[in-house]
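Engineer: I have a structure here, written as structure tokens, and I will follow up with some questions on it.
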Amino acid sequence: MSPQTETKASVGFKAGVKDYKLTYYTPEYETKDTDILAAFRVTPQPGVPPEEAGAAVAAESSTGTWTTVWTDGLTSLDRYKGRCYGIEPVPGEDNQYIAYVAYPLDLFEEGSVTNMFTSIVGNVFGFKALRALRLEDLRIPTAYVKTFEGPPHGIQVERDKLNKYGRPLLGCTIKPKLGLSAKNYGRACYECLRGGLDFTKDDENVNSQPFMRWRDRFLFCAEAIYKAQAETGEIKGHYLNATAGTCEEMLKRAVFARELGVPIVMHDYLTGGFTANTSLSHYCRDNGLLLHIHRAMHAVIDRQKNHGMHFRVLAKALRMSGGDHIHSGTVVGKLEGEREITLGFVDLLRDDFIEKDRSRGIYFTQDWVSLPGVLPVASGGIHVWHMPALTEIFGDDSVLQFGGGTLGHPWGNAPGAVANRVALEACVQARNEGRDLATEGNEIIREATKWSPELAAACEVWKEIKFEFQAMDTLDTDKDKDKKR
């Protein structure tokens with residue numbers, strides 16, 4: 001290269017490494033209505049200032065790289081770069097900060113959760129300058145929300161399809177989750193459905209294994225549904241898990257379910273992936289199928305408080321990608337779920353508009369405009385004694401799913417289903433009469449046992465069962481103040 005050429009090429013470009021905060025930390029920035037806003041919990045490495053750490057997150061999740069490159073001059077960084085516009089310390093933690101980052105909408109493909117996450121929670125999570133990084137919340141602007149179809153049907157359409165109103169829906173996961181033959185599996189479904197449940201469910205890891213191929217399971221479960229419907233006069237369903245190794249196979253299973261005339265299929269959206277989930281959601285919308293979503297693998301992502309991604313973000317992403325139900329924790333059962341935090345993302349699933357409320361972990365006001373809502377599913381270690389609390393916590397627009405709490409009944413599956421249905425109806429009636437489920441719940445259940453021997457037997461079996469472990473997912477508080485209290 002001649003000296004003249006070298007001089008021209010280097011005009012306005014200075015090679016080397018410079019601090020991220022010089023370009024990407026902009027505390028004076030005023031966010032736009034069209035920006036995607038993110039709240040990251042940042043734990044910098046020793047010696048890294050929080051402003052530099054926050055700016056590094058903004059850079060590495062948008063336009064930046066580790067060094068200055070000459071092609072920066074071929075585009076408008078001010079238009080496309082992410083901006084860290086705020087840093088605040090986390091109460092009670094010595095070296096944790098909440099970094100607020102704004103992303104221009106043009107960085108993201110329309111209608112693609114996959115593309116959104118590839119940028120926002122991509123390589124930046126392995127960045128050496130950070131000891132740990134967690135995405136706590138996202139604000140999805142209405143301009144971006146409108147590029148998604150969202151849930152195939154939504155809460156009201158599902159109730160109309162099922163002709164069931166004024167109470168939570170009842171479900172049961174068939175156990176043992178693996179090992180049953182298709183015929184025995186179908187028989188277990190039938191017993192639960194005729195006993196009074198609305199749904200039975202494939203467990204998340206039931207796909208198409210040697211002991212029970214998917215087509216056989218679909219056929220026997222469809223038979224169980226139609227037989228139970230004929231006997232009870234109620235519409236019934238079974239969550240037929242269409243999750244498969246390829247998108248083509250997944251859709252083939254969904255097509256077969258539609259041909260059988262069943263009302264609902266299921267997908268493991270995290271292990272299956274957002275691209276597959278959105279494709280299945282579009283198919284279900286076009287073909288009148290409800291879509292139940294299981295969150296298997298979520299705890300790998302959201303369990304640690306200082307690294308990963310909070311479930312409220314995964315819940316928002318699911319509402320965008322599409323699903324009519326999603327598991328959301330129970331507050332009272334065996335699986336993770338602190339009450340205020342759980343209710344925060346339950347509202348994010350169901351409501352049209354949710355105000356910022358840090359007391360429930362909600363960092364941003366979220367407007368879903370016309371996107372349909374998702375029913376939260378309470379499942380995991382729950383039984384009849386939990387029914388008053390579950391009814392009070394989750395309200396009518398929910399699915400209460402008892403696996404062992406149905407199938408573990410000493411008299412069998414159908415009596416287990418009867419016990420749960422009676423307990424639910426008793427709680428709903430008591431609530432409608434103005435009684436306080438939180439304080440009178442046990443009394444309400446005991447009164448109902450007088451006219452339901454099935455419920456009485458269930459209450460006796462599970463009277464001592466408790467899951468007394470501290471939740472990992474808790475709200476941030478000042479630890480020194482807590483000790484003084």
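The backbone N, Cα and C atoms fix where each Cβ goes, glycine too.
I grabbed these lines from Swiss-Prot:
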- P3: N-acetylproline (MOD_RES)
- K175: active site, proton acceptor (ACT_SITE)
- K201: N6-carboxylysine (MOD_RES)
- H294: active site, proton acceptor (ACT_SITE)
- K334: site 'Transition state stabilizer' (SITE)
Engineer: Which of K175, K201, H294 has the fewest nearby Cβ atoms, counting only those within 10 Å, among these recorded positions?
Structural biologist: K175
Engineer: What does the structure give for the C-alpha distance between H294 (active site, proton acceptor) and K175 (active site, proton acceptor)? Integer Å is fine.
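Structural biologist: If we compare the Cα positions of H294 (active site, proton acceptor) and K175 (active site, proton acceptor), the gap is 16 Å.
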Engineer: Quick check for the class: what is the C-alpha distance, in angstrom and rounded, between K175 (active site, proton acceptor) and the residue listed as 'N6-carboxylysine'?
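Structural biologist: That comes out at 10 Å between the alpha carbons.
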Engineer: Please state whether DSSP places K175 (active site, proton acceptor) in a helix, a strand or coil.
Structural biologist: coil
